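Single-structure report; data block below.
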Ligand SMILES: *Cc1c(COP(=O)(O)O)cnc(C)c1O
């Protein structure tokens, strides 16, 4: 028998979630963000499953975009941070990729470039995230410089929302970010792209010509407070393993490294074949939820590299909590959001952290 840790990926759920995004915001177009190996779900399988639904994908680099070409898909791919080196530009042009332009160094290199055919550019404006983009004051000039280039055939203006997921964030609001966009763009009918998943799910005003959802496609909601739309999402990844040992631990005995857990009563402990080298965070606190044979309980003691330990003491049915019993770490029946909060992180980090040694097993409708 093989080591039982695996990530089941339901491609039908990813299709469902994409369709949630498009039916929620029919006024614009939706591209599928598949950076970081489709948030850990496998870029070849995910892009294949979405190929007939989406008109474009988005990745963080040309290398990630070329992985989509490698499976034979012809879609445009937006490079969310553009190029890192001007040497990428001819390949971007040949492949029909779209490049973000977020800084003057990129604009200068694009101005000097000689390209086999014109490219589409997404001009990034910094409306308050303060990570990438031209200031609102510089943006119009940058737009005109791009317009003057014969090898730029289309310009979309994009910005990124910093706090669309938290309703009463102390940070800049979505409305305040929108107000910083130069009016000339909206008045001239320039194509705009502002909404990430949180924008799609909760901010109609941010939904313009192009939506850019990522995390919601994988079935996790970024919203701090759920709404009817976020409740329709279906988790796509279910991370499971099995119990490989059980034991009784006497009061006063410790479990795992460092003695973080000390039994205050007689405890039944199950050892599960999954650990931080599989991507289950070592930061998980005592009691971080798990499902053992469908029964809810929590982890005890520190997560090890290849194993973790769970509390079986109060489970009603020990026959469903024994060697061989399946354990769900997160997925269809236990939201990654909830597990992430026990690990001081977010579902994005859990999904992208699942390591290569965990086999991905696919189910659900592929592209018809
Ligand atoms: C990752 C990313 C997105 C998708 O964000 P989600 O929160 O996963 O929906 C959208 N736009 C940009 C620029 C990104 O980098």
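For all residues, glycine too, the Cβ spot is worked out from N, Cα and C.
Here TrEMBL flags 35, 257 as active site, proton acceptor. Positions annotated as N6-(pyridoxal phosphate)lysine by TrEMBL: 35. Annotated substrate binding site per TrEMBL: 131, 305, in sequence order. Positions annotated as domain 'Alanine racemase C-terminal' by TrEMBL: 236-363.
When the alpha carbons of residue 305 (substrate binding site) and residue 257 (active site, proton acceptor) are compared, the span between them is 11 angstrom. Residue 131 (substrate binding site) sits 18 Å from residue 35 (active site, proton acceptor), taking the C-alpha atoms as the reference points. With respect to their backbone Cα atoms, residue 35 (active site, proton acceptor) and residue 257 (active site, proton acceptor) stand 35 Å from each other. Fewest Cβ neighbours within 10 Å among the recorded positions 35, 131: that distinction goes to 131. Per-residue confidence over the domain 'Alanine racemase C-terminal' (236-363) averages out at a pLDDT of 97. If you take the C-beta of residue 257 (active site, proton acceptor) and look for same-chain residues 6 or more apart in sequence within under 8 angstroms, you find 301, 302, 304. Summarised by DSSP class, the composition of the domain 'Alanine racemase C-terminal' (236-363) is 22 helix, 46 strand, 60 coil.
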